Amino acid sequence: MSLGLQPNNDISSLVSSKNMTSENGLEHQFEELLVEKQYSEEHCAYCHIKNPNSILKCLHCNKWFCNVRGKSGASHIISHLVRARHKQVALHSHSSLSDTVLECYNCGTRNVFLLGFIPAKAKTVVVLLCRQPCARASIAKDMNWDLTQWQPIISDRQFLPWLITPPSEEEQKLAIPITSQQMVRLEELWRKDPNANLEDLDKPIEDDSLPSVELRYKDAHAYQAVLSPLIQAEADYDKRLKESQTQKDVVVRWDQAINKRYTAWFLLPKLESGEIRLAIGDEMKLTYEGELRAPWSSTGYVIKIPNNVSDEVGLELKRSDKVPIECTHNFSVDYVWKSTSFDRMQTALRLFATDGSRLSSFLYHKLLGHDIPPSFLKPKLPSDLSVPNLPKLNASQSEAVRAVLSKPLSLIQGPPGTGKTVTSASVVYHLATMQSRKRKSHSPVLVCAPSNVAVDQLAEKIHRTGLRVVRVAAKSREDIESSVSFLSLHEQIKNYKFNPELQRLLKLRSENNELSIQDEKKLRILVAAAEKELLRAAHVICCTCVGAGDRRISKYKFRSVLIDEATQASEPECMIPLVLGAKQVVLVGDHQQLGPVVMNKKVALASLSQSLFERLIILGNSPFRLVVQYRMHPCLSEFPSNTFYEGTLQNGVTTSERIARHVDFPWIQPDSPLMFYANFGQEELSASGTSFLNRTEASTCEKIVTTFLRSNVLPEQIGIVTPYDGQRSYIVQYMQNNGSMQKDLYKAVEVASVDAFQGREKDFIILSCVRSSEHQGIGFVNDPRRLNVALTRAKYGVIVLGNPKVLAKHALWYHFVLHCKEKGYLVEGTLNSLQKFSLTLTPPQKPQKFKRDLNVQRSLSPIQNAGSAMLPSFSNLPNLYSSSYLEEWNVFAQYKRRESNATDFEDFRSQVGDDESKFDEPTRF
């Protein structure tokens, strides 16, 4: 409550008071007034609760917040810290613990998301210690502390009540009510004006609404009018994010490579906490800010990112002159934001809208969603479509290849382990063979994918067939080794023997690390000519979707285009290769696995996270599905097949072929290597405050990995998958600190996100679900596509670690836990004495609002008329498995994206279980 008077008026009233006759009395009352005034302003910035025992001060912005749990499930102080990315707090001076700054007793860190407590020797005293490294037994051993009692000071996204008392019910009734949307809006206002308050929420909001992706468009101009603003919004967001990530006081060590270029090695604390993302080939700027020498800065490309072996980042500098290798401290690191990918998307949209020759008429209308008669090609195909040096095609693969070669637009759906890459390579082989017969109109086949890894994998397979393949990589990646480096354009130029002068200049530059201005100009001309010859002679050109906008490629026209992993590419990404003259297009992917990554939540809400592959399916373009899987033990494929693919997957491997009999592991059923291992550890917020970890599951991971290693399983055969970066980082550290085997063995075990494992496989997979709160949602774990990817990476065995009681409250996981229970895979106990876990399961009830919105969307959506094998009518869906849930989730997501505005995003995500995704990693649908 405020005093209701302005400060000047308060002082005037004191001075004019007849009762204040002594100077001491005046000073005393003046001080009391100032204290009262200050006290009245120290209230929760969200709801105005001001009980000193219930509020904390954010030391970053100096605002106060209470410990009451809001509608979002988190207390107001935690909601603020997470949204604002702040981490330090202090108690109120009038609280029972005084104005204490919460920090680690041992190292002084003030990151509250790292802090926990243990009882000290005195029973009435507790000690605050950070989770790592200070709560490790080796550090606290000498202090006689029982570290097994360490608990985080934040539980269920609320400070523990003995530390910060939650407001009473009476205080909460008097508090100003505030919704999650209003809190989000207030945080946005504070970024622009730190003095904004609740009254500012009533002011008119700037219209920053974005158009939503549509199913159909009148013409290409309308298409551009919708997608162009979304690309720009995503670019602006990415730019702000990258440019705000300057890191000071970086310590550097130096190394010089054979090419005489210097590499700077350093740690990035923000990277460790999950605040920023980094990829090979990213450009960064390194600046020296010390006093030992003159100011210096240089840019370079990232050649190494943190992994299980080392947390260091490697930055290879572009130039090697005047590098301060004698200095190691006082450096800063900045991201160098590049607009290249966004510019190329915008260019593709512009060309699509203004140049009618960029696509065939048929493809133009199909991409816009127009109803036009089907079109068929009449290629001369052999009876056996298998190709040289690749496995013989099975029936579904052969049918898919034959069908797509006779159509100008085709979709191939490749569920996990079904030989999608072999099928794609076979399609490309026949497309290239047909093109080579047309000598006058010969053009290479353009093969693209959204990621470099996917491009490399497909390029390697195509090369095996005997075709001439050229892999075009970005200039920033030319020095990065890959399995297909010998196919890269720049490597082929180095070995281009038809121009001795070119070879002489390349050798001279390699030896001297530079050329004269005249020789440099001459070399550029010779390289361009050689590139032209190599590209013209190629049967197949491989690059990323964004790479197709490279000037070396974009000046050519490509009649045939194949895009692999098309469901992971945004629609504008796909348009970059398509507008290079496409007349025949093949999109390959699986829309039941992970979709495109979109950083900006508002852009994701506008459906830019929907791939072109998905939109075409909704429009009625049925994909050709590959149905024989060659990866998983049959017991591992059963649930994914029934849940995500209507039971259509067939096993191309037998049980005996997928039993690792030499591995001594306590499977509850030796011939069925699938296990849901019940773990009931507490979930905790990670150091970033935006991700989660579970120490119990991390400990179990280490025990399982150690058991495998003792059974002579190679560490490279084991993969640990988790949806949360906080858990990934903690597992890596935990195995290093607590594993009983050699540390190098644990370093070689890959621990990564679900996203990082898509398209890959391991012999054994451990899935750590992390989420275990009775009061919160289960977040990313509830995404059907993530579960599908996680369960389908292993060949010989899967172990799922999680809390079945919590997970089974959600429809998708209810069916998986039920499946495991009925099959006898649900277990509990120690690893050397596992037993079946008896659990009573009750089918979860969907919220009525979910059902109501779903019914509305069913009446509106064209999905039910799509005619796709992947989208059956709702009435015919199986009851036992969660296919219905998967389709409902997707339909509901589409409906909410189209019908909601940006402020509805939190409620939308919470209804589908991802209530904290607004704080976590980028949106990936």
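Every residue gets a Cβ built from N, Cα and C, even glycine.
Per Swiss-Prot, Zn(2+) 2 is bound by C58, C61, H86; the candidate from H80, H94 named for the same site is H80. What Swiss-Prot records for the ATP site is G417, T418, G419, K420, T421, Q593, Y630, E761, and among Q397, Q610, Q742, Q776 the residue it adds there is Q397. The number of other Cβ atoms within 10 Å of the Cβ belonging to Q593 (ATP binding site), over all protein chains shown, comes to 23.
Taking Cα separation as the measure, Q593 (ATP binding site) is nearest to H86 of the binding-site residues C47, C61, H86.
Remark: secondary structure over the region 'C3H' (44-76) totals 1 helix, 10 strand, 22 coil, with classes taken from DSSP. Between the binding-site residues H76, H80, H86, K420, the minimum number of other C-beta atoms within 10 Å of a residue's C-beta occurs at H86. In the three-state DSSP scheme, C130 (Zn(2+) 3 binding site) is classed as strand.
In this structure, the CA atom of C66 (Zn(2+) 1 binding site) is 10 Å away from the CA atom of H80 (Zn(2+) 2 binding site).
The two recorded residues, C107 (Zn(2+) 3 binding site) and C47 (Zn(2+) 1 binding site), have Cα atoms 34 Å apart.
In sequence order, G417, R631, R793, A794, K795 constitute the residues six or more apart from E761 (ATP binding site) in its chain with CB-CB distances below 8 Å. Nonlocal intrachain contacts for the region 'C3H' (44-76), taken as residues 6+ away from its ends with a CB within less than 8 angstroms of a stretch CB, comprise 1, 82, 84, 86-96, 101, 110, 156-159, 161, 164-168, 171-172, 175-180, 183, 186, 190, 194, 197-198, 775-777, 906, 910, 915-916. The separation of C58 (Zn(2+) 2 binding site) from C134 (Zn(2+) 3 binding site), Cα to Cα, is 24 Å. Residues Y105, N106, G108, T109, L114, L115, L129, P133, A135 surround the recorded Zn(2+) 3 site, their Cβ atoms falling within 8 Å of the Cβ centroid of C104, C107, C130, C134, which are themselves excluded.
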